[in-house]
Ligand code: PEP
């Protein structure tokens, strides 16, 4: 049975103490909510990772992730953080290909394929984001865009390596806008993604892949989204910054 995940993406919010306080609250509130194959992941700024990973120890269903990692193993890249460094904090996951990285930092599918390889080589599990812009949806090119993001970003992986990644469908027009994809729109794309994985690898690999939805997911719409056959949880931005809102989304698992 594939893993169900609710992952928070704090983005560039919360100072060190604020992050620790929020995570402590989150652990207390979600520790009995996520059970079995359900997992809660908090993707924080780098400065929090080591402390959050220490707090998460002992809670099998709570893990920590970064929001980015460099494609090189190490070297003269002032200000950057390597996958090995992220891993050494105790973090388990790393978000790659978030639309804000693609848009503001020019991250291409080709670069993201390298980042994915380096993350995997260092034992991190990528949460790999894909999704179309509003213009692409309006031009009816969204299926093609998602297909090429998969083909160029992650379909070079072996079936075994692919088995360790999590995908997140995040329509760019729904991120931070308050506009959510309808559950039918999201399910349509998730089903498409799963079919593409089955065609590339196998039905078994497709059935085992966790595919999250992200984009203005909140306590009100999470249950309906998570009830869709191919939606295995969510990647949550704004609503992950309040322990009550985030916990209510985690509760939507059940
Ligand atoms: C995100 O940044 O991954 C995201 C989904 O943001 P929000 O929930 O705020 O739309």
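Glycine too: its Cβ is placed from the backbone N, Cα and C atoms.
TrEMBL labels come from automatic prediction, so no person has curated them.
From a predicted model like this one, the values you see are computed outputs, not experimental measurements.
For the substrate site that TrEMBL gives as 9, 10, 11, 216, 237, 238, the extra residue drawn from 36, 176 is 176. The Cβ neighbour count for residue 216 (substrate binding site), using a 10 Å radius over every protein chain in view, is 20.
Proximity to ligand 1 (Cβ under 6 Å from any of its atoms) holds for these binding-site residues out of 10, 237, 238: 237, 238. The maximum pairwise C-alpha distance among 9, 10, 11, 176, 216, 237, 238, the residues recorded as binding substrate, is 14 Å. When each of the binding-site residues 176, 237 is scored by how many other Cβ atoms sit within 10 Å of its Cβ, 176 comes out lowest.
Within 10 Å (C-alpha to C-alpha) of residue 98 (active site, electrophile) lies none of the binding-site residues 10, 176, 216. The distance from the Cα of residue 11 (substrate binding site) to the Cα of residue 170 (active site, proton acceptor) comes to 15 Å.
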